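Colleague: Below are the structure tokens for one structure; questions will follow.
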Amino acid sequence: MPFNKSIPSLHFFSSCSSSSQHSSMATSNVNSLLLSFLLFGSFLMTAYANFNEHFDITWGDGRAQILNNGELLTLSLDKASGSGFESKNEYLFGNIDMQLKLVPGNSAGTVTAYYLKSPGTTWDEIDFEFLGNLSGDPYILHTNVFTQGKGNREQQFYLWFDPTADFHTYSILWNPQRIIFSVDGTPIREFKNSESIGVPFPKNQAMRIHSSLWNADDWATRGGLVKTDWSQAPFTASYRNFKADACVLSNGASSCSSNSNWFSQQLDSTSQDRLKWVQNNYMIYNYCTDSKRFPQGLPAECNKS
């Protein structure tokens with residue numbers, strides 16, 4: 001799939017209130033938010049984060065580095081080990097952005113994972129995974145949603161640009177109604193709350209942000225046929241401009257307030273058109289159309305309009 005295919009113009013996500021409504025509701029919104037803070041002892045965080053303040057390097061024996069006074073984080077992989085980091089905070093709902101520049105050149109066999117995950121054996125998880133490829137071949141962006149320890153909800157995409165040439169923003173909007181995966185503001189996937197038909201939805205377990213760069217040449221590139229070329233090591237991925245407009249868990253509870261715009265945010269008609277454009281042109285796998293994988297019937301959420 002070639003890069004630089006033109007993207008249709010769009011408005012961003014729908015805003016649910018006019019300026020006059022905002023003005024009339026301002027006092028009640030503030031009071032409600034302050035009450036939420038007092039009751040639950042946590043806070044909303046929104047700003048470009050300093051990596052030193054908001055993340056811990058969790059493994060890699062020096063292969064992960066925080067640079068430029070906390071403005072840049074890099075992960076590296078060599079034959080001995082990969083590396084990874086996680087957020088100090090746990091989040092229960094939010095709108096989370098991270099800019100990544102992926103491993104350039106021959107990245108076959110490598111995986112750069114960026115995801116939200118709760119602990120335990122019945123965990124929830126929201127995944128971006130970037131599967132490396134031979135030089136000149138496109139990365140595969142792999143997405144998945146786990147609820148109560150069960151995943152198998154993969155959708156995969158090519159990108160419409162070279163993700164190794166510059167930084168691009170990868171976003172997760174997670175509220176009680178839906179999860180929206182976006183790239184540079186373009187929605188690529190929406191996973192809706194389908195609890196009404198018996199499908200679990202991640203809404204009760206707080207999650208940390210995790211990222212890692214690791215060797216997965218037994219499956220990552222062409223099903224494991226293409227192995228990692230260690231002569232190209234070390235492989236390096238870079239991160240910057242993390243932003244979380246989100247609810248931070250504190251003292252066992254979260255401050256999530258329905259007054260936050262993202263808490264009820266949804267795709268407007270133009271964004272829905274853009275989502276369809278991505279899925280029609282760049283989606284290469286969708287579990288909801290894989291009848292061979294699910295001979296007893298597709299998962300229930302796949303049949304929900």
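Cβ coordinates are placed from backbone N, Cα and C, and glycine is handled just like the others.
Pasting the relevant annotations from TrEMBL:
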type     : residues : note
ACT_SITE : E125     : active site, nucleophile
ACT_SITE : E129     : active site, proton donor
DOMAIN   : 17-239   : domain 'GH16'
CARBOHYD : N133     : N-linked glycosylation site
Colleague: State the Cα to Cα distance, in Å, between N133 (N-linked glycosylation site) and E125 (active site, nucleophile), rounded to an integer.
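Modeller: Taking the Cα atoms only, N133 (N-linked glycosylation site) lies 25 Å from E125 (active site, nucleophile).
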Colleague: Suppose we draw a 10 Å sphere around the Cβ of N133 (N-linked glycosylation site). How many other Cβ atoms does it contain, all chains included?
Modeller: 19
Colleague: List the same-chain residues at least 6 positions away in sequence whose Cβ sits under 8 Å from the Cβ of E125 (active site, nucleophile), in sequence order, or say none.
Modeller: Y115, L116, K117, S118, N144, V145, F146, G151, P202, M207
Colleague: Please list, in sequence order, the residues in the chain of E129 (active site, proton donor) that are at least six apart in sequence and whose C-beta is under 8 Å away from its C-beta.
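Modeller: Expected: V111, T112, A113, Y114, Y115, L141, H142, T143, N144.
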